[in-house]
Amino acid sequence: MKNIIQKCKEIYIKNKIIIVVLAAIITLVLPVLVPKSYFMGIMCRILMYATLAGSLNVINGYSGQMCIGQAGFFCIGAYCEAILATRFGINFWIIIPLAGLVTAIVGLGISLPTLKMKGIYLSIVTLGFSEIVRLTALNWESVTGGPMGIKGIPTPNLFGFEISNSKTYYFIFLAIAILFIFVTKRVVKSRIGRAWLAIREDQLAAKSLGVEVPKYKAFNFMYGAFWAGVVGAVYAPYVRFIDSTFFTLDEGFNILSMVIIGGQGTLVGPVCGSVIVNLLTEVLRPIGEWRMVAYAILIIVMMWWRPQGLVGASDSILAGDKGNGKKLEKSKQKGGGAHGVSVRS
Amino acid sequence: MGSLLEAKGICKYFGGLKAVEDVSMHINKGDVFGIIGPNGAGKTTFFNICSGIYTPTKGEILLNGDKISHLKSEQIAQRGMARTFQNIQLFKYMTVLENVKIGFHIHTKTKLWDSVLHTKTFKEDEEFTVQKGLEIIDKVGLSKYTDTMAGNLAYGIQRKVEIARALALDPQILLLDEPAAGMNPQETQELMEFIKILNADGYTIAVIEHDMKFVMNSCNRILVLNFGQKICEGTPDDVKSNQQVQEAYFGKGIIAGEAVK
Amino acid sequence: MEYLFNQIINGLCQGSIYALMAVGYSVVVGVVGMVTFTHGEVIMIGAFAAFYIFQAFGNNLLLGLIASFSASWLIGMFVYKVCYERFFNAPRHISLICTIGVSMLIKNLAQIIFGPNQKPMLNVIENKFFALGTIQISLVQVIIIITVVVLAILLSLFINKTRWGISLRAVSQDKSASYLMGINVKRTAMIGNCVGCGFGGVAGMLLAIYYQTLSATMGSSLGMKAFSSSVLGGLTDIRCSALGGLCIGIIENLGITITSASFRDVFAFGFLILILIIKPEGFASKKGVRP
């Protein structure tokens, strides 16, 4: 497995330009080649979840915080767009960054009080947060329409060109996904990304090197939340109708499983995860209710076989001692390293 | 020759355990300052207080005359204090160069926009970190390990990487917690010389060490702790001739007295 | 005022069931040393086991209790084998995600096997009311509280007096030291996990009797409540967890007197987050025991 990935990497590095150009041509021509709206719908889902999973990966994979409630951020973004567009008639293109910002601020609100919590407590808080958001959306009828949801979300316009079907929406999702990957790649390769990685690998050492751990953790959370909000804002007019049933815990687990299956800590991982899970969903559609069972088994198998995911960062603390061939005695003694390191001698 | 780091009546209690009690000391600029003491004497706890990992129960720490004992460890690091750890805390899954690069965190100022748009600040920062990082790695003598994963290196070399990473902060004072532990005599010797070079370069160094030869040869002033209390502070000769130090290390009585002679 | 008192009684009864779930959760977390997401599903399985036993053999509470305990025990063994045994030395998030996977697996299998709809629970206990002045207590509530108290006493006897209990406590404090003392750590951890799950299962049965319904999806919010209660009690401290369960039950029931019943879960989760933020170590004052 490792060899295959290694080879793929080598081929990519050698023919970088050709591959990128080829990929660009394929993605642009795809709607013309296969104009079926069923197929385009799947492509939209894949791209949407790739970005969502990517945004979760920024939180889970790069700074090592354990967020599970990404569906909550997604929900806030979607409701933000739905409410602003139906009530105030604000332009779609203005709402996108606005929804992202609102979600980022909520993310900050979640992150600030939870900075000192270790992995599992943080994940529980985010889980509870996601449920609270959903229940609020379900019960706050005057704003969110309660169980009736929000209907008739207007479709966006681009230069007088109405974007209404999945074929045109494909390009919006594509643009968002590419923008996300481009920006995130640059951020991760910079000083900020290094600080995140340092926090993931060893918080104590990061602190001793002057990395402002709380600040970067909070910023990381905001960054992840921002993109989830953006995707939510694009998603709302795509489905034209939203209610709280779109944003259950299962949705959160769904996003999480894409990150896990694809691999944490790399940019390609969530994209892979999204492709695999969404294609699997389509393939497994005939077996209906067994689909989620198949998912679950896939997640468990993944944890047993490759805890860092298919193309995850195998050289990281995320992989544990199974991922890296050599067992590092010290990390084993401490039961994983980053958590609960004692500093007393 | 003002005092760079000063501790005034530091106490640290863990519940009923008095890990450090009423320790005062000062480190002058340009010193190589040794802290010794038997196991459990509170040396590392004292270091952790200095670097802000613990807040002292009582007393205060002054760096350049400013009180730092209420600050967080990252703020203290930003004020020019770097440290290494007794049980090495490297980023094990990163290469040596990446490890050192993180050390430059406080000397770079790339913002989100800089990194997204690749502005001038970003380019300068990246150039600076890589260039300086390689320089430091070269200085420590790890050039051939630049791209090796830190966790795969030998113990002694990992310690050097940790020192290199701390040097990237360009600190006023460098705290080394048992830097020679796990090293063979040859490596220890090299480390001793390296510390002398660093000192000559203008770094002030505080070091916890068990190896007496190491401490006596490389330090110009020494603090001795026992059961959390300071029993002596002074030059190596002072410490050697101090009655209490001898008792702490060898015990009291005739045989111990013989042993000292 | 009357209404308020009745709500407190309701809260106490519900809280005692939560306490039972939380105690089970604490045992699991204490012994295994890892947090789990499967507890809700374990509770659900317990409820269904009792339901089918009642259907087959009539309303025998003791039989139902044994059935739910043993069904959850078996699920506990499965969870242990899949999620924990391999991952004692791995980073924690791996086993955490594994428990999420298992939870999804059990929940969806249960939906397929038991059907996705809510089922009405059989009327196991007579619908009788006692009046204490103006306050009414139903027979169901009395029996539930008695069951919980008896089980709690049994558990504390088991943990404090038996040989197994002592090795359980040893394992929960230090795995490698107990290993060196000749304790079969893996087996002990499994038994601890199963005992905790069994308690969860019994709590599931009691809940189903109390609410008169059960469904395959009831687990997720119950699991969260078990977790909340046990966090409130310091996660591994059994007595404090029970107290935490009582607290959450009462707060929920008082909370819905102020607003509508649909906000029930918001109160539970909001309270949990509040507790985690204000006092992350919960009621238990011991530090450094949290996993």
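Using N, Cα and C of the backbone, Cβ positions are placed for all residues, glycine too.
The transmembrane segment annotation in TrEMBL covers A:12-32 (among others).
Using a Cβ-Cβ cut-off under 8 Å and counting only residues 6 or more beyond its ends in the same chain, the transmembrane segment (A:38-59) has close neighbours at 30-31, 65, 67, 70, 73-74, 165-167, 169-170, 173-174, 176-177, 180-181, 184, 220-221, 223-228, 230-231, 234-235, 238, 254-256, 258-259, 262, 264-267, 269-271, 273-275, 277-279, 282. The transmembrane segment annotation in TrEMBL covers A:38-59 (among others).
Among the features that TrEMBL reports, transmembrane segment is placed at A:66-84 (among others).
As annotated by TrEMBL, transmembrane segment applies to A:90-112 (among others).
If you look at the transmembrane segment (A:119-138), the same-chain residues 6 or more away from its ends with a CB under 8 A from one of its CBs are 64-72, 75-76, 79, 110, 144, 146-147, 243-244, 247-249, 252, 339. The transmembrane segment annotation in TrEMBL covers A:119-138 (among others).
Residues 27, 30-31, 40, 43-44, 47-48, 50-51, 54-55, 58, 62, 156, 161, 196, 223, 227, 230-231, 234, 238, 267, 271 of the same chain lie 6 or more positions beyond the ends of the transmembrane segment (A:168-188) yet place their CB under 8 Å from a CB of it. Among the features that TrEMBL reports, transmembrane segment is placed at A:168-188 (among others).
Per TrEMBL, transmembrane segment is recorded for A:218-238 (among others).
Sequence-distant contacts of the transmembrane segment (A:258-280) (same chain, at least 6 residues past either end, Cβ-Cβ under 8 Å): 42, 45-47, 49-50, 52-54, 56-57, 60-62, 177, 181, 184-185, 188, 200, 291, 294-295, 298-299, 302-303, 308-313, 316, 318. Residues or ranges marked as transmembrane segment in TrEMBL: A:258-280 (among others).
Long-range contacts of the transmembrane segment (A:287-305) within the same chain: residues 250, 254, 257, 260-261, 277, 280-281, each at least 6 residues beyond the stretch ends and with a Cβ under 8 Å from a Cβ of the stretch. The feature transmembrane segment is assigned by TrEMBL to A:287-305 (among others).
Per TrEMBL, region 'Disordered' is recorded for A:322-345.
If you look up TrEMBL, you'll see A:323-332 marked as compositional bias 'Basic and acidic residues'.
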- Query: In the same chain, which residue numbers or ranges, 6 or more beyond the ends of the transmembrane segment (A:90-112), come under 8 angstroms Cβ to Cβ?
  - Reply: 73, 76-77, 80-81, 84, 125-126, 129, 154, 156-158, 217-218, 221-230, 232-234, 237
- Query: Who are the chain neighbours of the transmembrane segment (A:218-238) in space, where the CB to CB distance is under 8 Å and they lie at least 6 residues beyond its ends?
  - Reply: 44, 48, 51-52, 54-56, 58-59, 62-63, 65, 67, 70, 73-82, 85, 92, 95-108, 110-112, 115, 150, 153-156, 166, 169, 172-173, 176, 180, 187, 192, 196, 199
